[in-house]
């Protein structure tokens, strides 16, 4: 039977100094011997998805104390990708994932905590904490801040824009048909509440996937930040984590540990949910990196296999203008998607979670489309938006009149009535991306699933934006944005502004954008990222020249540069003779912190995680 990790600092004569310090935090004799639960919060006033988290740690802490544990809260950083977008700040976004993972590990191990509650929400925070939880492998529960409500506005002529999000503000900004007054109205209306942006962008995708992996409670991914019902998730997380700690430390039950829950089968199920719901392409990076910490061998080939066999059941903004996270919730959230996949034989039932001994037990209680869902499930998924601008959580007691259980035409469809037989994400390969590239097919009109056009090559996101706004980009072009990979950027910038500006100028369905960088979960259109190897590693994307024909064939999972091999070899020799693989005309200040990340960053095809062997040999 494992001893409490915290006994290292709370027991024995030699630990008098440590106990003295614990006492100074408010602990008493009765607390020594109870499980110490670390609460990793990520409150910050920089990020709407985190601005409301300040007091939520106390809700968890009170529940921990009431269940017989000792709660100790700390904070970690959180970068807002939307605010950091389009300038040098985006270089720091992906590297922050590693900083978050390290900071959680440092705090938990330095203080010998016994269990962990992760209060996350936005893009790199949930994956960073997930990496840490799997690395630490102590009883852990995830509970995120919840999704933002979609916006509403009335513009010139009394036209009602009934559903808005951040991307609408970006695209309107470059649309010459949108007046300054209407742009101002859209800007003020697009992000009306606290919470992670309202579509199936990276933050909400990852919060849904922690639920699918089994490390979060039902409803974690879809319950709005403003919903009163969300408060109960924080209370239950505090109660549950103490129960998990007791099962492990008092009963030697290793089934409660993150690596037991996030098994190979659980990761396959998570990828199935990901492609079924058309999640952000960033999820591929994050799940690959998390799988490394879980000791689970997952490759892009595995993801490709899932994407070919699992149908696209759900299209949410930015892939749709009809559905947002509040609609996913009304349709039953992740339990409903898992339920449809289970009925289609597309998930492995032999998995368990922090809250259920099996997938069947989970779905029997929480799938509102099942035979006999629990009253708790019916109550939770009726939670509706409040429609009031606020930065405070839990204020809405509004309820949907009915749930959306329409499996034919509703937000979440059955396998029989899927949007497409293939999933919402696909892995492409070819001579332009020998190690793979990723595209969110749920956001690509089927008319663009095959595309051929001349390359227009730029070597930074900023240059891509300039080319789009200055009308250098024409319909039919394939924009190549290179040297923006994990090492080449460094930091693998997101290309949200280029895709949003293409859309705003009416070129979204007429162009393709290919990069060794990545895309925001808010991107849509024929946007192919994670091209591997990246240009800085000598990948073929470094060899592309203006005017080269590029061919994309999503049904065949191909992406090819239509240039003879001999010509490509000659270009490679020329580059290597002139100093190797680096951008020719880019001025960018790269800090020591970013250089340190770049020195250890691996390929996007392996999650862009760090590998210390790159510097230690």
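Even glycines carry a Cβ here, placed using N, Cα and C.
Record features (Swiss-Prot):
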type	residues	note
ACT_SITE	520	active site, proton acceptor
BINDING	81, 123, 124, 494	Mg(2+) binding site
BINDING	122, 197	[2Fe-2S] cluster binding site
MOD_RES	124	N6-carboxylysine
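Taking the features listed in Swiss-Prot, we show where each one sits on the structure.
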| residue | record | CB count, 10 Å |
| --- | --- | --- |
| 81 | Mg(2+) binding site | 28 |
| 122 | [2Fe-2S] cluster binding site | 28 |
| 123 | Mg(2+) binding site | 34 |
| 124 | Mg(2+) binding site | 29 |
| 197 | [2Fe-2S] cluster binding site | 31 |
| 494 | Mg(2+) binding site | 32 |
| 520 | active site, proton acceptor | 31 |
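For the pair residue 494 (Mg(2+) binding site) and residue 122 ([2Fe-2S] cluster binding site), the C-alpha distance works out to 15 angstrom. In this structure, the CA atom of residue 81 (Mg(2+) binding site) is 8 Å away from the CA atom of the residue listed as 'active site, proton acceptor'. According to DSSP, residue 81 (Mg(2+) binding site) sits within a helical segment. Cα spacing between residue 124 (Mg(2+) binding site) and residue 520 (active site, proton acceptor): 11 Å, rounded to the nearest whole number.
Cα to Cα, residue 197 ([2Fe-2S] cluster binding site) and residue 123 (Mg(2+) binding site) are separated by 10 Å. Cα to Cα, residue 122 ([2Fe-2S] cluster binding site) and the residue listed as 'active site, proton acceptor' are separated by 12 Å. The two recorded residues, residue 123 (Mg(2+) binding site) and residue 520 (active site, proton acceptor), have Cα atoms 9 Å apart.
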